[in-house]
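This report refers to the structure that appears directly beneath it.
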Amino acid sequence: MSRLFTSLVLLLLIMSTAWSAPGDIHIAIETNRTALVIRVDKDQNPTIVHLGQRLNNADEYAQIAGNGKRGEDYTGLYNSAYTPAGGRNLLEPAIQVTHADGNPSLDLRYVRHESKAEASGVTLTTVYLKDPQYPFDVTLYYKAYQHEDVIEQWTTIRHTEKKNVVLHKYASANLYIPAHKYYLTHFHGDWANEMNPTEERLTEGMKLLDTKLGTRADLFQPPSFLVALNQPAQEDEGEVMAGTLAWSGNYQIAFEVDPLHNLRLMAGINPYASAYTLTPGKEFVTPSFLFTYSSTGKGTASRNLHRWARKFRIPQGKGNRVTLLNNWEATFFDFNEEKLTALFKDGKKLGVDLFLLDDGWFGNKYPRNDDRAGLGDWQENVKKLPHGLGYLVKEAEKAGIKFGIWLEPEMVSPKSELYEKHPDWVLKLPNRQEYYFRNQLVLDLTNPKVQDFVFSIVDNVVTKNPTLGYIKWDCNAVIYNAFSATNSNPSHLYVDYVQGLYNVMERLHTKYPTLPMMLCSGGGGRVDYGALRYFTEFWPSDNTDGLERVFIQWNYSYFFPSIATCNHVTDWGKQPIKFRTDVAMMGKLGYDIVVSKLDEKELQFSQQALKTYEQIKNVLWQGDLFRLASPYEGDVASLMYVSEPKDRAVWFSYLTNNRYKAGSLAPIRLKGLDPAKKYTVRELNIYPGTKSSINDDATTYSGNYLMTVGFNPKVDARRTSVVLELTESK
Ligand code: DGJ
């Protein structure tokens, strides 16, 4: 009897929480094609009832029945818009706190919400929540970028309790997605082996993506992923969400298929070793979680993120970039003024805009002649550079190119004057051995004095050399020895570090808003939209082997636009220089080779390639990317960029398998063209002494033909990479 009664009560509870009732409030966060809908019931519980395609008629969101709830949600919280721990929650929370009086539970009820246009095409919806028993507020922010179909969300947490409150977990986003099946694509790697995809079906329970590396946080796993609904992710069809956390430190993204088989997602700073003590009246702001939802596959999702990043996130996303010659692989630490001045001339001869001097130019008491000393002592090494950086800047300019410099401002070598002078500026544990990653230690960016020092490293170099054209900011160590001598709260370290880093970057960006800066971290150890607020571009990997790069760049392209992806032609790998150049062109082109060692044809080819790049770079940087053939599925990788008016396109194809007969045996169908337009097809980057059969063909093809029948770029063992340009013929 009593069991029957309990069941009835439960059923009533389920019905009242799962279905909309008159008087419920529906908050629709909409872009042109996507909607995230929060329902607030009579008890002021905020739950997500829709995440997917936008409905034509917003009134109909009220008819959605409990977001696919297929049975008993004992708590009414499975689809909470921000799941509080304690109380009645049974699943992974978005937030977990201990109140000033020791109460370990949180209840969050809706107070009010507002929506306002922030800029043209950008709407900010703010949802205010509060604990009914405690002066504890959580505010959820959802910024909808209409045309790009991107939603950015973050949270602020504040209280006015009598004493401090401890935040154990404080996610940026909590989403709820109903589907029959969920396929997660996440990425893993290591140095020179970044961004390897794995797609797996999510089953009931939790899957965590996370990092605990502190700095260089993405070395093993970046905070970017795809979730495909009902079927594995397809390029041009099916429902796919692409998400990424804009945070350069420890993160945790939890995917939980709940007991009702709906997908819960909690993304934010990693709670690992990061309990945060919040003083009364102070606000904690979480980083942003960014996502786009596409009902036409991962191709659309990528293009949405690219457009958003160019327009709203990356500095000068619509602007120019410089081509450069870097000396890292050409000289490593072994250079002097004479060698460098010769390289400037080589750079000019090659046709790049800038020479980038890499690691090894500094340190005197402990010269930076290898990676075991000198980091932190940012004075020119007098033996290598007796006339200083200013002289090099001028010499480069005399040679007709600009000069840029490598810095690793967050780090210190134990063998350095900086470490001798300021041992307390370093992250290290009392009573413990120091552990080194690449023979170095991490400076304590939680300390404002250290922040000022790090700022001054970059500031001094730029102030002394006002025509400096580029900064490469490297970060080669993870956080070992996670302890700050001056930070009173050890569990704030990981969070405060990133905030300290952003503080420095923000100051630099404000002072030098147009200075091109590369975000590098021992390859691609730090590629996220938090840091990319301050950097014009990023370094995806030290692995510049042309073939490897096809794969690495392919995977970054899901989330990051080509204008921000630095690709350098180097001597890595067995591919011919044409192959390496063609691959590097699919982004921001640079070189890291000994120009004087190129033979006549190689030099001629490279010079012409840079001229061609100048002609096509706008299509590559601002156009839409279409992935045509995956290197994971066949012998050929094929990608194209189409200009916005669809009057030009550049199409790259590569042989990725060298078995007998491997190649593009059949035509490849193009994408993104205007079916009604006519296009001529012309081969670019033809190697001196070779001829393109494609260029003999004077036929024009309609976009309709090219997208329906396709065109064979004729990739085979003799033509391992092919670049074709399509131009509207009027
Ligand atoms: C790691 C970077 O990824 C390389 O490009 C180079 O700058 C080295 N660090 C220098 O130490």
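Cβ atoms here come from the backbone N, Cα and C positions, even for glycine.
Straight from TrEMBL, the features:
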- D474: active site, nucleophile (ACT_SITE)
- D542: active site, proton donor (ACT_SITE)
- W191, D358, D359, R438, K472, W473, D474, C475, N476, C520, D542: substrate binding site (BINDING)
- 45-278: domain 'Glycosyl hydrolase family 36 N-terminal' (DOMAIN)
- 637-725: domain 'Glycosyl hydrolase family 36 C-terminal' (DOMAIN)
- 1-20: signal peptide (SIGNAL)
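Of the recorded residues, the residue listed as 'active site, proton donor' and N476 (substrate binding site) place their C-alpha atoms 12 Å from one another. Among the recorded positions listed (W191, D359, D474), D359, D474 have a CB atom closer than 6 Å to some atom of ligand 1, in sequence order. When the Cα atoms are compared, W191 (substrate binding site) and D474 (active site, nucleophile) turn out to be 14 Å apart.
In the domain 'Glycosyl hydrolase family 36 C-terminal' (637-725), the DSSP tally of helix, strand and coil residues is 9 helix, 31 strand, 49 coil. Applying an 8 A CB threshold to same-chain residues 6+ apart, the list for D359 (substrate binding site) reads W328, F332, F333, R368, D371, W406, E408, D474. The Cβ of the residue listed as 'active site, proton donor' has 20 neighbouring Cβ atoms from other residues within 10 Å, across all protein chains displayed. Long-range C-beta contacts of K472 (substrate binding site), restricted to its own chain and to partners at least six residues apart, with a cutoff below 8 Å, comprise N326, L356, D358, G404, I405, W406, L407, M517, M518, C520, W539. For the substrate site, whose binding residues are given in the record as W191, D358, D359, R438, K472, W473, D474, C475, N476, C520, D542, the maximum C-alpha distance rounds to 18 Å. Less than 8 angstroms from the CB of N476 (substrate binding site) sit R216, D371, E408, M411, F437, R438, Q440, S521, G522, G525, each of them six or more residues away in the same chain.
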